[in-house]
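Trainee: Below, the features straight out of TrEMBL:
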type	residues	note
SIGNAL	1-20	signal peptide
DOMAIN	118-159	domain 'RING-type'
Amino acid sequence: MKLRDLDAVLLLLFLCETHQLDPDVLEASADSWREILGNMCSDNMLNSISGLWTCDAGILMPYIETLVRCKRFIDIMANHNHLGRGGEKEGYEIPAARAAVVALRAVEVLNAAGDVECVICKEEMSEGRDVCEMPCQHLFHWKCILPWLSKRNTCPFCRSQLPTDDVFLEIQRLREILVKASELDVA
């Protein structure tokens, strides 16, 4: 997992916890956010430190409770927004975030391993041509993948998801990444 994704997950968990403790805080002006969130964070840290000497389980409980609250929040928002699977809301698709699309790599096609075909247009990719490489390592013509990602946030081949600008879908996507990563660590 990339540190950028971990930072985003931690920030989202913190915002979920903040929403659970005091929903009005998120409605406050941006100027007062730093002070309010700083106070909430320091209060949480002081509460965690005070429990350090009583029980080892006390160290993990705030984090477990935060994860449970975040899961409840995601479930509530998913039911409210009728989120579907694969980066879609019921009735329409969610585009990939512009920042994620801009960050995609351009690679040169090497046909040493056989013919490489774009699964969108079904045309062979010419050797030496610059094409788009998705994070999952699948290759596509730029002219094919850009319209696709302007409508969907998934790889056309394997359906792995790219980040979106939809906050609630992004929370759900990052939570799924954490769950998969924790399953790999356990195995």
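Placement of Cβ uses the backbone N, Cα and C atoms for every residue, glycine included.
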Trainee: Can you tell me the mean pLDDT for the domain 'RING-type' (118-159)?
Mentor: 92
Trainee: If you run through the domain 'RING-type' (118-159) with DSSP, how many residues end up as helix, strand and coil?
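Mentor: For that range the per-state counts are 8 helix, 8 strand, 26 coil.
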